[in-house]
Amino acid sequence: MSLIQVLKGAINILLIRPQHAQHDCGAGSCHPALGDLLQGRSKRLTASSTCGMSSPQKYCIIGYLEVEKCFLCDSRYPYNPYTQHNSHTVENVITAFEPERKKKWWQSENGIDHVSIRLDLETLFQFSHLILTFKTFRPAAMLVERSTDFGQTWKVFRYFAHDCAASFPNISTGPAKSVGDVVCDSRYSDIEPSTEGEVRSRVSPALSSFLPDLITLTNLRINFTKLHTLGDALLGRRHSDPLEKYYYAIYEMVVRGSCFCNGHASQCDSMQNLRGDVFHQSGMVRRSLIIFGLATCNCRLLNVSMQTLPLKPGVGMHRSCLCCNCNSHSSRCHFDMAVYQASGGVSGGVCEDCQDNTTGQHCDTCKPSFYQDPLKAISDPRPCLPCSCDPAGTLPGAVCESRTEPALGTVAGRCPCKDNVEGARCDKCKANYYGLSSSDPLGCQPCNCDPLGTLPFSVCDPATGECLCQRFTTGQRCERCLAGYWGLGNSLYGCSPCDCDIGGSQNNLCSLQDGQCECLPNIVSRQCNEPAPGFFFLPLDYYIYEAEHARPLSGSDPDLAVVFRPPSAGRAVTWTGHGFARVPSGAGLRFAISNVPFAMDFDITVRYEPEVLVMSCASCGVVIGAMIAILQTPVCLEPGTEYFVDVYFSQPSASDKKAKSFILIDSVSSSVTSPLRLYFYTLFWFSFPLPACKCNPQGSLNASCSRLGGQCQCKANVVGRCCDTCSAGSYGFGFHGCYGECPAASTLPGPPAHPNVSGL
């Protein structure tokens with residue numbers, strides 16, 4: 001008989017199952033005897049709906065002459081013929097061979113179309129046929145499913161429906177064109193008989209010799225999808241709840257099959273380490289018997305993993321059950337046809353339940369979140385180490401690289417980092433990034449150090465983001481100058497000092513952009529060291545008191561002699577005012593001071609020149625310059641008070657024969673006299689506020705004056721800081737200046753009642 005004929009016979013359920021198991025496998029394939037897979041597995045049989053599970057539930061049946069009889073279903077406790085005869089739990093469908101077996105059955109809740117019954121087996125079994133005997137009408141539509149991976153995936157085995165086109169519109173009604181075709185059968189879905197109707201589904205064991213995947217299962221599920229109803233209007237009476245008489249009820253359920261040995265064993269043996277919910281009893285179908293030195297002939301549960309090639313029924317084990325290489329991390333493997341084909345027919349063995357944190361076809365890689373120790377082989381008892389990725393810097397949901405592969409650029413244990421993170425553990429920010437955070441999608445944020453204020457080739461602090469600044473710069477990013485500095489990037493050190501003039505500025509702070517200091521009134525320039533136009537800085541000896549305006553001390557000549565000294569070409573001007581006061585030895589002067597600007601210490605300085613005898617030789621070249629005398633201790637003067645300074649000139653020593661009765665000064669006259677003048681000056685360069693030039697419009701050339709001292713540019717023969725006085729020997733002050741060569745006059749009248757202070 002050809003293979004096609006065998007397959008067609010299996011689909012049409014024409015082959016007859018062997019009644020006795022074949023015990024001798026030496027001549028070819030052999031199969032264990034069939035049995036009821038439900039026996040001993042009552043705890044592994046479940047239903048999605050059972051009447052009376054939470055409380056007693058009313059249900060009705062239709063008797064002869066349309067007479068309804070109603071009863072109670074109470075399935076809160078298991079069936080007992082004496083105390084719980086109304087219990088209709090699903091284990092009642094298991095064949096018990098009792099004399100009055102129709103007194104117990106399983107029953108669903110009233111009026112529910114979609115109900116399922118499920119059998120979960122403990123290992124892979126070979127399925128032969130299914131028989132359901134109903135107490136009520138058979139379902140109008142149902143389907144049978146099986147799983148070979150313990151319920152992870154399901155495949156429909158057969159559809160049953162009274163109207164296949166309406167219930168399963170996309171399913172063919174047959175006949176099947178090939179072995180794997182799934183069709184819809186309408187033979188077992190009629191409304192008659194109303195009780196003890198059967199649904200049968202059968203597969204020949206001969207298929208196991210050619211297509212074992214079509215007849216094996218670990219789980220079986222029967223799905224009822226539609227109830228048969230009669231229509232209450234046809235009963236000729238009204239009913240309070242028509243759904244009370246529509247439900248699923250099954251007297252008996254038989255699932256025939258055997259342990260799956262793929263044609264290599266004739267007996268089934270008991271399972272080792274069975275789960276506690278599997279009851280051992282006689283007649284129970286168990287796993288395949290150990291033969292050929294294997295733990296199981298189907299290489300599903302092996303003490304020594306073996307199957308790497310397709311296992312052919314009846315073929316010697318040594319030709320198909322070869323050792324799987326699980327690297328000592330698993331004792332079980334199974335054959336996978338897709339893996340076998342992908343390997344080019346080399347091996348289809350796939351290791352199961354890899355230990356020691358390994359995974360893969362051969363337990364040859366570390367499972368996710370682990371990586372292979374670079375110093376150990378994968379066959380080592382502890383080859384895998386846990387990843388230590390920092391969750392803050394690692395990409396969400398990512399794991400470290402499992403092994404080092406130079407060709408692929410992978411490094412064992414290296415974690416996939418966020419964009420701004422680096423390190424094998426993704427635990428630190430890249431250079432010039434900071435603030436590692438799990439909430440940041442990029443991991444770290446840029447420091448954004450200002451290149452103008454940051455030291456070259458430096459990086460920021462990875463925790464705080466602070467940049468390494470050049471001298472005189474500051475800020476998180478080195479983006480600004482320190483107080484007292486300006487011009488970021490304009491100098492070698494980042495910023496330049498403000499250098500605000502201590503006398504002309506309010507402080508040493510300046511603008512960060514242009515360095516402009518905060519100037520006092522009437523002071524300009526970046527450093528506040530220039531007077532504004534029309535103003536000037538005070539010299540140290542700005543407060544001058546002319547000797548020709550002083551009063552003689554008591555006992556001195558009351559008529560103070562004044563010697564005028566007009567400026568002349570080629571001779572430096574070493575005096576102020578009109579000239580000098582000639583004071584004899586032993587006499588003195590009193591200076592009145594009443595214009596102190598503010599309280600402070602003042603130095604008192606006396607300037608004088610000796611008057612010398614005119615040498616007969618004018619070409620001797622002797623020049624005696626100006627001389628000064630300074631009071632050694634400064635004196636504190638306050639505004640609003642008038643002070644007097646007395647200057648006394650002592651007599652020369654009598655023992656000195658060469659001493660004269662007068663002080664020699666630089667003069668062209670032959671008289672004996674001592675001219676002098678007194679200066680007061682502050683220790684400040686500037687006074688607050690700066691005085692205006694106040695150049696006299698008649699005596700000055702313009703309105704500007706010198707920046708230090710405020711000297712205006714005078715016209716001819718005009719003197720004074722403001723150019724408001726004719727020089728000695730000139731007269732006629734006006735817009736033309738002054739006329740020179742006054743009429744003969746060698747002295748001036750005595751000092752006025754109040755001293756004349758120049759520069760005010």
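The backbone N, Cα and C atoms fix where each Cβ goes, and this holds for glycine too.
Automatic, uncurated: that is what TrEMBL annotation is.
Bond annotation: of CYS705, CYS714, only CYS705 is listed by TrEMBL as forming a disulfide with CYS693. Within the set CYS723, CYS726, the cysteine that TrEMBL bonds to CYS714 via a disulfide is CYS723. Of the listed cysteines CYS354, CYS366, TrEMBL assigns the disulfide bond with CYS363 to CYS354. Straight-line distance linking the Cα atoms of CYS723 (disulfide bond) and CYS417 (disulfide bond), rounded to a whole number, equals 83 Å.
Long-range C-beta contacts of CYS481 (disulfide bond), restricted to its own chain and to partners at least six residues apart, with a cutoff below 8 Å, comprise GLY453, PHE472, THR473, THR474, GLY487, LEU488, GLY494, CYS495, LEU512. The shortest Cα-Cα distance between CYS363 (disulfide bond) and any of the disulfide-bonded residues CYS417, CYS478, CYS695, CYS705, CYS714 is the one to CYS417. Cα to Cα, CYS693 (disulfide bond) and CYS417 (disulfide bond) are separated by 74 Å. Confidence across the domain 'Laminin EGF-like' (387-446), taken as the mean pLDDT and rounded to a whole number, stands at 93. Contacts of CYS705 (disulfide bond) defined by a Cβ separation under 8 A and a same-chain sequence distance of 6+ are given as PHE536, CYS693, CYS695, GLN711, CYS712, GLN713, ARG721, in order along the sequence. For CYS478 (disulfide bond) paired with CYS714 (disulfide bond), the C-alpha to C-alpha distance reads 55 Å. Around CYS354 (disulfide bond), the same-chain residues at least 6 positions away in sequence with a Cβ under 8 Å from its Cβ are CYS326, HIS329, SER330, GLY360, CYS363, LYS367.
All protein chains considered, the CB of CYS363 (disulfide bond) has 29 other CB atoms within 10 Å.
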